[in-house]
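Student: Not my notes, these are from Swiss-Prot:
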type	residues	note
BINDING	LYS134, ARG137, HIS172, ARG189	isopentenyl diphosphate binding site
BINDING	ASP179, ASP183	Mg(2+) 2 binding site
BINDING	ASP179, ASP183	Mg(2+) 1 binding site
BINDING	ARG188, LYS265, THR266, GLN303, LYS320	all-trans-polyprenyl diphosphate binding site
COMPBIAS	1-23	compositional bias 'Low complexity'
COMPBIAS	24-35	compositional bias 'Pro residues'
REGION	1-36	region 'Disordered'
TRANSIT	1-72	transit peptide
Amino acid sequence: MAAPSSLASSSHLSRRATAAASPSIPPPSPPPPPQRLRCGWVGRAAPPTRRAPGVCSVVSPSKPGVAAVDVPAATIPDAAATGVGVAERISVSSLLEVVADDLLKLNNNLKSLVGAENPVLVSAAEQIFGAGGKRLRPALVFLVSRATAELAGLLELTTEHQRLAEIIEMIHTASLIHDDVIDDSGMRRGKETIHQLYGTRVAVLAGDFMFAQSSWFLANLENIEVIKLISQVIKDFASGEIKQASTLFDCDITLDDYLLKSYYKTASLIAASTRSAAIFSGVSTAICEQMYEYGRNLGLSFQVVDDILDFTQSAEQLGKPAGSDLAKGNLTAPVIFALQDEPQLREIIDSEFSETNSLATAIELVHRSGGIKRAHELAREKGEIAIQSLQCLPRSEFRSTLENMVKYNLERID
């Protein structure tokens with residue numbers, strides 16, 4: 001998977017993803033009544049039973065950075081159709097109920113996958129795996145696996161689907177450990193970080209170990225396409241950190257730069273995992289590409305929302321100091337939009353907050369400028385494109401939950 005080289009500019013917000021020459025995605029033919037799939041794992045010795053795979057017309061992705069799928073404005077679902085903007089809020093527990101059994105099995109397996117050779121690593125794994133994470137990334141693997149399994153006529157999920165979800169969570173966990181070291185973060189999900197408890201050396205080694213262990217399990221999946229996809233993600237993590245470090249306090253950073261960094265650090269893993277889940281279901285390449293587009297745009301939307309929350313939530317809600325990204329010089333979407341209208345904000349950031357209360361003034365300018373509102377529009381736009389990518393799937397509780405994942409993300413701002 002080649003790293004993206006260019007992204008849609010901020011003017012993309014004003015035109016709501018206008019159409020390229022590509023056709024809109026037609027709805028699939030009504031599928032046979034789906035069977036409720038639960039944890040009946042089958043191995044290589046028991047090949048899955050299939051019906052004839054479904055077919056849908058799709059737009060192939062071009063570059064993974066921003067808008068590889070140009071969707072005609074008329075085909076983007078409105079709030080009534082998608083649930084985005086509807087008053088009823090979604091809880092995490094209700095959102096993930098349809099894959100609760102899958103996640104329970106995953107939770108039971110995670111600690112054993114780390115191994116018991118080193119007590120310090122085991123203790124670090126227990127700390128991070130038990131820190132109250134939502135397991136959204138493996139949940140997305142299970143949701144796409146089950147949605148595409150219904151489309152392909154796969155009667156049961158495979159051990160590859162299960163192991164993929166475990167690998168994705170291990171990679172995500174390793175990246176969090178390293179992120180906390182790089183950012184010198186003292187808290188993660190309301191608990192002390194690994195490097196605070198065990199020191200930087202152990203934290204770095206623990207993250208390295210999890211990357212290595214996940215790579216070993218990945219190789220044992222024996223699917224070269226998936227191995228390439230997930231291996232690229234680990235490279236993207238490093239690229240994202242380097243890009244972020246090279247643009248600290250840089251008021252000339254563009255929205256394209258920000259979205260590329262966000263792809264590397266967040267969306268790459270989600271996009272690769274949703275595409276890999278579809279690959280293991282055995283659906284067509286076109287559908288696998290749409291699952292990639294879903295994951296990529298959902299990942300970008302999630303990152304933009306996270307960056308908005310850094311300005312709108314308290315330290316208690318965030319589990320870290322509010323405005324911490326800005327304080328460290330990491331300029332995110334709300335700041336990039338605000339810089340277009342607030343010259344004083346540039347002066348304050350250029351000074352690296354050297355004067356008393358300058359950070360508080362900068363945060364106030366971001367709020368006053370409308371930067372948060374424009375960032376919200378960006379997050380919503382990416383979410384709508386993600387939902388559009390699901391139209392080649394048959395209607396099911398799993399597709400509905402994938403759509404509701406977009407709604408849940410946007411509700412975090414309200």
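Every residue, even glycine, has its Cβ placed from backbone N, Cα and C.
Situate these features within the shown structure.
Tutor: DSSP classifies LYS134 (isopentenyl diphosphate binding site) as coil under the three-state reduction. Here LYS134 (isopentenyl diphosphate binding site) comes close to VAL92, LEU96: these same-chain residues lie at least six apart in sequence, with C-beta atoms under 8 angstroms from its C-beta.
Taking a C-beta cut-off of under 8 Å and a sequence gap of six or more, ASP183 (Mg(2+) 2 binding site) has these contacts in its own chain: LYS328.
Under DSSP, ASP183 (Mg(2+) 2 binding site) is assigned to a helix (H, G or I) in the three-state scheme.
For THR266 (all-trans-polyprenyl diphosphate binding site), other Cβ atoms within 10 Å of its Cβ number 24.
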Student: By CA-CA distance, flag whichever of ASP179, ARG188, LYS265, THR266 among the binding-site residues is nearest to ARG137 (isopentenyl diphosphate binding site).
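Tutor: Sorting the binding-site residues by distance from ARG137 (isopentenyl diphosphate binding site), the top entry is THR266.
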Student: Taking just the CA atoms, what is the gap between LYS265 (all-trans-polyprenyl diphosphate binding site) and ASP179 (Mg(2+) 2 binding site) in Å?
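Tutor: Spelling it out, the Cα of LYS265 (all-trans-polyprenyl diphosphate binding site) and the Cα of ASP179 (Mg(2+) 2 binding site) are 10 Å apart.
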Student: State the Cα to Cα distance, in Å, between ASP179 (Mg(2+) 2 binding site) and HIS172 (isopentenyl diphosphate binding site), rounded to an integer.
Tutor: 10
Student: Taking 10 A as the limit, how many CB atoms besides its own sit near the CB of ARG188 (all-trans-polyprenyl diphosphate binding site)?
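Tutor: Result for ARG188 (all-trans-polyprenyl diphosphate binding site): 21 other Cβ atoms within 10 Å.
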Student: Let's check the environment of HIS172 (isopentenyl diphosphate binding site): how many other CB atoms sit within 10 Å of its CB?
Tutor: 23
Student: Just name the most isolated of the binding-site residues ARG137, ASP179, LYS265, GLN303, going by other Cβ atoms within 10 Å of its Cβ.
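Tutor: If we count Cβ atoms within 10 Å for the binding-site residues ARG137, ASP179, LYS265, GLN303, the smallest count is at ASP179.
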Student: For THR266 (all-trans-polyprenyl diphosphate binding site), name the DSSP secondary structure in the helix/strand/coil scheme.
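Tutor: Its secondary structure by DSSP: helix.
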